[in-house]
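S.K.: What TrEMBL shows for this protein is this:
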type: REGION; residues: 1-35; note: region 'Disordered'
type: COMPBIAS; residues: 13-35; note: compositional bias 'Basic and acidic residues'
type: BINDING; residues: 133, 196, 227, 258, 399; note: UTP binding site
type: BINDING; residues: 228; note: substrate binding site
């Protein structure tokens, strides 16, 4: 797939700077001031190697990159002024438990105005898998994408409606996803796809682009997808935003493909359509635990609701940010947004998201940066925003194999693509599971270490480190810690029941 770059126009009043720097600060100011011109020159060289008819294809993308790069140079810091955080207005965070259920006669009409959007740009490489993360098998031989499709198909069948599924891919996942979704043809479900932008990485020292050509597949280290904040412009550029608005659809529900709890919630949908003023932007929050202290939270700042991320917090207030008492909720990245409001914000140039500077190291050791944005950061660009405190069941992400252990276990039952916590679990919270990276981080390694997934209905906390394997029908209860030191191996025998136990040293069961 070719991603070609349009030619940048000179900035007004732009000049060549020939003065010699007299100090470090002045040197950095001058190099930053000249950076747009130097970047443009390098991009022009890339463009000249390609036919003119292909250049327009990525003009919109490059305009976005030019804007992002320009903001990166001009914005000195994304830190907020801690003392300027305002008290949250009354009713800025509603309780999900207080939301009324919709009447059955209204459900079909509301669903026909909804679009389901899944962020599908990530690969499964961090879990040792090839291809899109959405293609990883997580339960009953079903993948993330299979479960999502089952959910929406069941919704459409149950209410005789037509909620479409839209996948935002990246250049990493687009081609493979196109092949995968062919197997869903014939289901009661329309699936649409579009790709987010491909932006060039830039060297940290020179701020010049890394890629030597515009063919992403041939220079994959030079390009990156710029975070899910790219959703807004790429969605509009794809033509899908206008298409859905013309069809009479008014809201989209956005979530990560690996969040198995992010299903269509009819109570939230009912609230959106029956509020006195329909919110343009609604974000789901859930109770913060010690495992979530780094997650973004909702604040009032400069008279607008917005998401505060830990990277925006002054160092001296990081502990305040992490405090469960100070900030009770964190962002699940389940977001409901009014489609006409997205169009308005884009057309009026109101979209404003903090830039995330993500440092990377290339295979050759070069230090580079990629400029990203997050979809929730756009909240302050919209009016009538609101948060809803939802149950933990709506936040069930699978980022590591420790999460996979939970969703594969008897802690959950599977019904029409929905994972529902077993009624036999006495506590509403999920166990805290920590599996050692060296032996459990990759999916195949993880699966090979369990003859069957243990019974964890009564588990509170599990820590496993080192060379440890589990036999069949193991039961874990309370707090269980299993540590195999370097050179040791522990085999938990089939049928073992471990309750509030610490296991260490060597334990091997050998066949004879």
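Backbone N, Cα and C define each Cβ position, glycine as well.
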S.K.: With every protein chain in view, how many other Cβ atoms are within 10 Å of the Cβ of residue 227 (UTP binding site)?
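M.R.: Cβ-Cβ neighbours of residue 227 (UTP binding site) within 10 Å number 23.
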S.K.: Take the C-alpha atoms of residue 399 (UTP binding site) and the residue listed as 'substrate binding site' and report the distance between them in angstrom, rounded.
M.R.: 16
S.K.: Quick one: of 133, 196, 258, which binding-site residues lie within 10 angstroms of residue 228 (substrate binding site), measuring between C-alpha atoms? Sequence order, please.
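M.R.: Cα within 10 Å of residue 228 (substrate binding site): 196.
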S.K.: Just checking, which of 133, 228, 399 (binding-site residues) has the fewest C-beta atoms within 10 Å of its C-beta?
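M.R.: It is 399 that, of the binding-site residues 133, 228, 399, has the fewest other Cβ atoms within 10 Å.
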S.K.: Within a 10 Å radius around the Cβ, which one of these binding-site residues has the most neighbouring Cβ atoms: 196, 258?
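M.R.: Top count of Cβ atoms within 10 Å goes to 196.
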